[in-house]
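Enquirer: Please read through the structure below; I'll follow up with questions.
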Amino acid sequence: MSTPVLELSGISKTFGAVRALSEVDFQVRPGEVVALLGDNGAGKSTLVKVIAGVHPADSGGSIAWDGKPVGISAPADAQRLGIATIYQDLALCDNLDIVGNLFLGNEKLHFPGTLDEVEMESRARELLDSLSVSIPDLRVPVASLSGGQRQIIAIARSLLGQPRVVMLDEPTAALGVAQTAQVLDLIERLRDQGLGVVLISHNMADVRAVADRAVVLRLGRNAGDFPIAETSYEEIVAAITGAADNPVSRRSDRTGSSALATEDNR
Amino acid sequence: MTQQTHLSHESEDGTPEAGEARRDPRLLATAASPRGWLQALRRNLRGGELGPLPVVVGLLLIGIVFQSMNDRFLSPQNLSNLTVQIAAVGLMTTGVIMVLLLGEIDLSIGSVSGLSAAVLAVLAVNTGLPEWAAIAAAVGVGLLIGLLHGVIFAKLGVPAFVVTLAGLLGWQGVHLYLMGADGTINTSPSGAIAMLTQTYFVPFMGWAIAGIVIVLYLIAVFAVERRRRLAGLPYKPLEEVLFRAALLTVPIVGGVWVLNQYKGVPLAFLIFVGFVVVLDLVLRKTRYGRMVYAVGGNSEAARRAGINVDLIRISVFGIASTLAALGGIMLVSRNFAASVSTGSGAELMMAIAAAVIGGTSLFGGRGNAYSALLGGLVLGAITSGLLLLQMDTSVRFMITAAVLLVAVILDAVSRRGRKTHARGGA
């Protein structure tokens, strides 16, 4: 196994009297898709925000980047290291075109300080080609794109900073079947390019489709780290809900394995 | 995507060009012929991309109607006066457009223009400051007021509507206080202030300016299209570039020709158009302009992209009030006087109406600087025509209201068109 590009150990985070994360360990290796799973309130979002630098972790734990200890206390720190985060609301400007959105805040300029649209459009075209994303006209406003295309543009934009770890918060939550497939394809291409991908999702079908490993959090603690290929759906659900006695397994006991089968073949 | 027809460029004229190699086949190609452009135009109109077409059609209609009722309407003298008359409110409109692009509103521009007029007159006449210094001071007052509005809005989070409503009242109060008991301060009819609206360029100068503008435009466009072709991006064919240049040349040459029939190109109009052109270039070609559109489109996205949203907001309010102050200076220049009523009449409403008629959305992120010129011309032409017909202000207000409503309805309908054609609803 290669060394993890990002490794968190013993990370805790308290908000007032609430301990949102306690002693959590988490690793991402290059070329690996890690699904971060957990029920609502399990601490997934908090962990992502710790990594993204939005909420610095409490002292005590340690974060290592390429095996070297680092501190992440602000979003800029995370970006400098090469961690890109795509939140659920995507943060695109609907009135700007695709090129404008891709380079927003990072525009390429000519000599007298004017925008170099030609350079930006060529770079955008190259970037989208490298991701095998086909969008005919890069000069249409982002508002005209489908949900999947918007997600892809948001991911592509984060790649301009040459990140090595990409964190995606519920990238397929609002998407239809075909669009979900587009986004999952893109996640696989990111993995093939050697990036570490952290995928937060409630959709077990997506997780099983693209993730290599599933890290489960429960009530702010590590509740399991499973290689997806060798783990059954029930084991992961048991880890998420914290017991074998949970609504999903009770239902499967009652109805045979049919409930799980449909769930799995979705 | 809602592309309906599968039409590749190669099948249109048989010869795939080098630059077309990477063109996506799903893109509808525009054939390089007048018929092709007409088709593209019809496609855009149906998709809700009206561009300046409604305003231009409106201007032509206004011209035809008023000319048929009074044959002095299209005379060079009337048109020349018209261009000077719209300069003051036009400058204010230019500032309003910046604020509208942010999705905000500035209600104080009328009062700021009035206050700037009062500052100018008091400094130049009562305290005897040189006129150029008084002009600079009036502009500076506008800038400071705008920055103050911007800081209260951006840093303290007070809605811009309320901040500038307070400005509307407060700065009018300061204006009245400065004017004192006199009510009117007459300025010199021959100084720097008066020169702003009394100067006309000799015909040669007008032609030289027009020529330089057109040549610069051509050079810039050819340079861009050449780079696009070399970079393998879709580019406009030569015929289309020349056609667009012709569309630009006709109003410029026509305008200079008409204005030269009277006294020449007026300095006031040139200042107004100059600000419009500079602002347009800033908005479209610079990082600052891109940031303004981004904040207007989605301020949270802009903030996450590392844009200093507060700074953009403060600067835009600063620009808007500065331009309002310039408008106030123009008002003084044209009337040779500042009075308690300068800038407190219909100027604010006219400026906002002109921006909307010109095609700038009230919802932020959509519009351009040329709205000020086009909208200003429409409202100026209506005012001028009704004055020629000796109609009352009451009629002018009613007709202006109707035009404004038509413009907003067109905007709303075309927005629906954009939505159904998936081009964004903003």
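Each Cβ is built from the backbone N, Cα and C atoms, and glycine gets one as well.
TrEMBL entries are annotated by machine, without manual review.
Quantities reported herein were computed from a predicted structural model and do not represent experimental measurements.
According to TrEMBL, the feature region 'Disordered' maps to B:1-24. Sequence annotations record features per position, and here TrEMBL assigns transmembrane segment to B:50-70, B:82-102, B:109-126, B:132-153, B:160-180, B:200-220, B:241-259, B:265-283, B:311-332, B:344-363, B:370-389, B:395-413.
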Enquirer: Can you tell me which of B:344-363, B:370-389, B:395-413 gets the most C-beta pairs within less than 8 Å of the transmembrane segment (B:109-126)?
Expert: B:344-363
Enquirer: Please give the sequence-distant neighbours of the transmembrane segment (B:82-102): residues at least 6 beyond its ends with Cβ less than 8 Å from one of its Cβ atoms.
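Expert: Same-chain contacts beyond the ends: 109-110, 113, 160, 197, 259, 266, 268-269, 271-272, 275-276, 279, 283, 292-293, 295-296, 312-313, 316-317, 319-324, 326-328, 330-331, 334, 347-348, 350-352, 354-356, 358, 360-362, 364-369, 371-373, 375-377, 379-381, 383-384.
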Enquirer: Same chain only, please: residues at least 6 beyond the ends of the transmembrane segment (B:160-180) with a C-beta under 8 Å from a C-beta of the stretch. Say none if there are none.
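Expert: Here the qualifying positions are 99, 104-108, 110-112, 114-115, 117-119, 121-122, 145, 149, 152-153, 317, 338-340, 342-344, 348.
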Enquirer: Residues of the same chain, at least six outside the transmembrane segment (B:132-153), with any C-beta under 8 angstroms of its C-beta?
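Expert: Long-range Cβ neighbours of the transmembrane segment (B:132-153): 104, 106, 108, 112, 115-117, 119-120, 123-124, 159-160, 163-164, 167, 171, 192-193, 313-326, 328-329.
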Enquirer: Examine the transmembrane segment (B:200-220) against the transmembrane segment (B:50-70) and state whether at least 3 Cβ pairs sit under 8 A, considering only residue pairs 6 or more apart.
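Expert: Answer no: the transmembrane segment (B:200-220) and the transmembrane segment (B:50-70) share fewer than 3 Cβ pairs below 8 Å.
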Enquirer: Which sequence-distant residues neighbour the transmembrane segment (B:344-363)? Criterion: at least 6 residues beyond either end, Cβ under 8 Å.
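Expert: Contacts with the transmembrane segment (B:344-363): 50-52, 54-55, 58, 88-90, 92-93, 95-97, 100-101, 103, 105, 107, 109-111, 113-114, 168, 172, 175, 327, 331, 370-376, 378-379, 397, 400, 403-404, 407-408, 411, 415, 426.
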Enquirer: Sort out the residues at least 6 away from either end of the transmembrane segment (B:265-283), same chain, that have Cβ-Cβ distances under 8 Å to it, and list them.
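Expert: The answer is 80, 83-84, 86-88, 90-91, 94, 97-98, 101, 195-197, 199-201, 205-206, 209, 256, 259, 289, 292-293, 323, 326, 330, 333-334, 368-370, 372-373, 376.
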